[in-house]
Amino acid sequence: MARGQQKIQSQQKNAKKAAEKKKSQGADQKTAAKVALVHTCPVCRTQMPDPKTFKQHFESKHPKSPMPPELADVQA
């Protein structure tokens, strides 16, 4: 009977450890994704990860607005 009790305790311990690992990992992915969004559209405040995507967004969503100077030399 002692092995049965040890098995239950081991399973509970491993479940707790897995839950803590999953919880901490989710926060890391969120912060990493937020850090990657470095370019912000001045018109609609949408955030984008790179200048190429930023220029494509600006050309398609805001065609009548003047192009920001940081996007003038970027090739889409």
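Glycine is treated like the rest: Cβ placed from N, Cα and C.
Counting only same-chain residues 6+ beyond the ends of the domain 'Small EDRK-rich factor-like N-terminal' (1-36), those with a CB under 8 A from a CB of the stretch are 49. The domain 'Small EDRK-rich factor-like N-terminal' annotation in TrEMBL covers 1-36.
Per TrEMBL, the feature compositional bias 'Low complexity' maps to 1-13.
Summarising the annotation, TrEMBL assigns region 'Disordered' to 1-33 (among others).
Annotation comment: TrEMBL describes 40-61 as domain 'C2H2-type'. Nonlocal intrachain contacts for the domain 'C2H2-type' (40-61), taken as residues 6+ away from its ends with a CB within less than 8 angstroms of a stretch CB, comprise 67-68, 70-71, 74-76.
Positions annotated as region 'Disordered' by TrEMBL: 45-76 (among others). Taking DSSP states H, G and I as helix and E and B as strand, the region 'Disordered' (45-76) has 14 helix, 2 strand, 16 coil.
Look at TrEMBL and you will find 52-62 tagged as compositional bias 'Basic and acidic residues'.
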